[in-house]
Amino acid sequence: WKTPRRKAAPTERRCGLPSTTLLLFLYLSYLLLGSAAFWALESPRERDMTDRLLKEKWEVLLNFTCLEREALERLSENIIHAYKSGLYLKENTSLGRWDFVGSFFFSVSTVTTIGYGNLSPNTVISQVFCIFFALFGIPLNLILLNRIGQLMLSGVHLSVVLTWTCALGAGLLLFLLLPPLLFTAIEGWTYEEGFYYSFITLSTIGFGDYVIGKYHIPVKTLFDPLCACLYSSLRRSCFSFFQISCLVEVPFLFE
């Protein structure tokens, strides 16, 4: 009698490129819609806070000769609160981080569960929206990672596991050693700080003590979103490599 064939494991099923492309398009569309929503919900409050901060600044400067302790303490508290809310006061203007680019960066850090903590929703409606956005966005992010991992896994055999493992190690070193050079040039960090930021981001710990674009400098404003998107792509690729290694090797450890 014939031995029944063992059913193929889920990881052996092929994953079509068109469906993966469609899923990626859905993922990016979800991020863009979320970014537009956060931008619309948070930017009015940010503008109001900017106007109030600038008004108090001029009131303090005009009354500098008879400055009161209460006025100085109130200004200090507002400056700290504005900084935590993402405002950066410069000369007679205030630069906020709840523009579309900042909202997109927040959306990416939310669905990828990095959560730096340097930017967070302040209005009630924005906080409620963030809950539902993460509730659907995090599973969508995991599905995309799983799909990319399956796509890369197709055609991988046990005979090349060692090669893939070496490639994984080299890729990790590449993602950790090269990005700090870019952050040193753009953000003005030391190489050690850039390496620390790379590891904290790649491991999705995300303390928030180092964040690209934290201080607004006009010369590098256009580079910060590019760096954020590039490093997010590198992190997703790294997770795909991790998934391939685990899906191929781990089941055979328990046979």
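Cβ atoms here come from the backbone N, Cα and C positions, even for glycine.
Annotations in TrEMBL come from automatic prediction, not curation.
Per-residue confidence over the domain 'Potassium channel' (91-152) averages 80 (mean pLDDT, predicted model). Summarising the annotation, TrEMBL assigns domain 'Potassium channel' to 91-152 (among others).
Summarising the annotation, TrEMBL assigns domain 'Potassium channel' to 175-212 (among others).
Distant neighbours of the transmembrane segment (21-41): 98-100, 103-104, 106-108, 110-111, 121, 123, 125-126, 129-130, 133, 136-137, 140-141, 143-144, 147; these residues of the same chain sit at least 6 beyond its ends, with a Cβ under 8 Å from one of its Cβ atoms. Annotation source TrEMBL lists transmembrane segment at 21-41 (among others).
As annotated by TrEMBL, transmembrane segment applies to 124-144 (among others).
Taken from TrEMBL, the feature transmembrane segment covers 156-182 (among others).
Among the features that TrEMBL reports, transmembrane segment is placed at 194-212 (among others).
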Q) Which residue counts does DSSP give the domain 'Potassium channel' (91-152) for helix, strand and coil? A) 41 helix, 4 strand, 17 coil
